[in-house]
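Novice: As listed in TrEMBL for this protein:
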type: TRANSMEM; residues: 12-33; note: transmembrane segment
type: DOMAIN; residues: 15-444; note: domain 'Major facilitator superfamily (MFS) profile'
type: TRANSMEM; residues: 60-80; note: transmembrane segment
type: TRANSMEM; residues: 89-108; note: transmembrane segment
type: TRANSMEM; residues: 114-134; note: transmembrane segment
type: TRANSMEM; residues: 146-165; note: transmembrane segment
type: TRANSMEM; residues: 171-192; note: transmembrane segment
type: TRANSMEM; residues: 254-272; note: transmembrane segment
type: TRANSMEM; residues: 292-312; note: transmembrane segment
type: TRANSMEM; residues: 319-340; note: transmembrane segment
type: TRANSMEM; residues: 352-376; note: transmembrane segment
type: TRANSMEM; residues: 388-407; note: transmembrane segment
type: TRANSMEM; residues: 413-440; note: transmembrane segment
Amino acid sequence: MGEQQAKNKWYIYFAVLSATLVVIVTGSCFTWTSPILPKLSSFDANINPIGRPVTIGESAWIVSIMSLGLMFGPPISIVLSKYLCKKNTLLVTAFPLFIGQIICLFAHDVQYFLMARFLMGIASGAIWSVLPNYIAEISEDANRGLMGSLAGVMSTGGSLIPYVVGPHVSLKTFTIISLVPLVLYYILYGWFVPKSPYDLVINGKETEAETSLIILRGSQKIHKELEYICSSVKSLDSEEGFSKLFRNPDLFRALKICVLLMAFQQFSGIQAVGSYTQLIFELSGSSISPEISAMIVGTVSLISVFISSHLIDSMGRKILMTMSFSVSSLALFSLSIYFYMLSHEMDVSQIFWLPIVSVVIYMFAFNFGLGILPWVILGELFPHNVKAAAATIASLANFCLSFNVTVGFPYMILLLGMGGTFLTFGLVMILGTIFCLLCVPETKGKSLGEIEKMLQS
């Protein structure tokens with residue numbers, strides 16, 4: 001019996017990994033343009049399905065339209081969440097990803113690629129609004145941080161796929177490869193992973209909730225946990241959603257923490273560094289090709305988030321976030337110094353390595369904490385009756401800021417120069433470090449009820 005229980009304890013890993021298969025695809029969508037735009041810019045009809053090179057304006061729209069789609073995802077997810085459980089919402093909102101990939105498979109005009117990218121954005125925005133809450137609700141207190149960070153591992157792994165595979169295969173072949181994790185997601189997650197026990201209790205299905213917990217926990221302390229879930233659900237008042245968030249000072253405080261963490265994440269300069277990685281490597285005088293440099297940065301990001309996922313439940317969220325903020329600021333300051341010297345025609349031949357090292361350190365530090373932990377914390381700070389509303393507001397803030405920073409970055413360069421721009425991002429990270437130390441609660445090892453009580457104090 002003990003051996004069977006120990007064996008069943010590993011089921012939670014299967015459940016979370018199955019649920020996060022979908023973010024392999026969303027992660028791939030974010031870096032999709034890196035290998036695909038060169039193909040769409042080719043004159044070779046065997047490479048370019050459009051039959052002509054895309055214009056600069058068309059390229060800009062192909063890159064940015066996914067960010068527009070992201071902003072539509074959270075409102076759609078909250079509407080669906082009122083009628084569907086979180087699991088079914090995740091399955092439904094992943095379908096536009098499938099449609100988008102099919103459109104890419106047969107696309108022969110720019111409009112089809114724009115439609116596909118917009119659908120991918122909607123799906124990605126909706127999925128990231130729901131997934132952190134679902135993972136938090138099926139996880140145990142002792143491993144909730146690890147389970148939540150697995151979404152970051154899978155997403156970062158997905159973002160590496162276009163760099164590694166994209167340049168070496170045709171667009172159609174790459175699209176077929178991208179469909180594989182999505183098909184596995186619908187099979188494994190759709191058929192073999194239970195619904196959130198919180199959702200089941202909310203809908204009066206306590207017997208099904210007990211079955212869900214038995215599957216997830218391997219029959220260890222099921223009745224005690226079920227009683228806790230039932231009491232937590234019964235303690236929720238009838239007021240829910242947006243009005244509850246803004247009327248309750250404790251919940252509003254939690255919302256401000258999450259929104260500010262999302263803002264710091266985007267104002268860290270991640271979009272700028274990610275978009276200009278190739279340029280930074282070229283300016284450094286490195287002989288490393290753009291493809292290899294992108295693979296290096298992507299691999300470092302994956303290693304970083306993998307390490308973070310194993311430390312989150314031992315070191316805690318707050319320490320990892322503080323380290324991420326502070327180290328990111330140092331890397332951004334070093335980039336600022338390099339570009340300041342370059343713009344003033346100073347000799348940088350002796351520090352040609354600085355941009356490469358700075359970018360690698362920055363990407364490691366960002367993915368170590370700031371990349372995924374705001375999403376983990378978002379899944380922990382709110383009771384069930386306001387989770388959907390809180391996730392919608394925080395994720396919508398994230399996606400809106402992401403779009404604005406991406407669009408505004410060229411104007412920042414014109415106004416401040418590259419050195420001044422990276423200096424600004426570095427100063428924001430210093431503010432983020434202070435904010436994290438003073439305002440972000442430590443949720444390591446605490447139950448969702450204990451976190452709620454902590455916010456009240």
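Along the chain as shown, the residues are counted starting at 1.
Glycine too: its Cβ is placed from the backbone N, Cα and C atoms.
Since this is a predicted model, take the numbers as computed values, not measurements.
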Novice: At a Cβ cut-off of 8 Å, and with pairs 6 or more apart in sequence only, do we get at least 3 pairs between the transmembrane segment (254-272) and the transmembrane segment (114-134), yes or no?
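Specialist: Counting Cβ pairs under 8 Å (6 or more apart in sequence), the transmembrane segment (254-272) does not reach the transmembrane segment (114-134), since there are fewer than 3.
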Novice: Most CB pairs under 8 Å with the transmembrane segment (292-312): which of 60-80, 114-134, 352-376, 388-407, 413-440?
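Specialist: Counting Cβ pairs under 8 Å, the winner is 352-376.
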Novice: How about the transmembrane segment (89-108) and the transmembrane segment (388-407): do they have 3 or more C-beta pairs under 8 A, pairs 6 or more apart in sequence?
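Specialist: Between the transmembrane segment (89-108) and the transmembrane segment (388-407), contact is absent.
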Novice: Can you find at least 3 Cβ pairs under 8 Å between the transmembrane segment (352-376) and the transmembrane segment (146-165), where each pair is 6 or more residues apart in sequence?
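Specialist: Contact confirmed: at least 3 Cβ pairs fall under 8 Å.
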Novice: Spell out yes or no: are there three or more C-beta pairs under 8 angstroms between the transmembrane segment (114-134) and the transmembrane segment (171-192), with each pair 6 or more apart in sequence?
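Specialist: Answer no: the transmembrane segment (114-134) and the transmembrane segment (171-192) share fewer than 3 Cβ pairs below 8 Å.
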Novice: Let me spell it out: take the transmembrane segment (413-440), skip the flanking residues so only those 6+ beyond its ends count, and list any with a Cβ under 8 Å from a Cβ in it.
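Specialist: Residues packing against the transmembrane segment (413-440) from afar: 257, 260-261, 264, 267-269, 272, 317-318, 321-322, 325-326, 328-330, 332-333, 335-340, 342-343, 370, 377.
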Novice: Sort out for me which stretch, of 12-33, 60-80, 171-192, has the most Cβ pairs below 8 angstroms to the transmembrane segment (146-165).
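Specialist: The stretch with the most contacts is 12-33.
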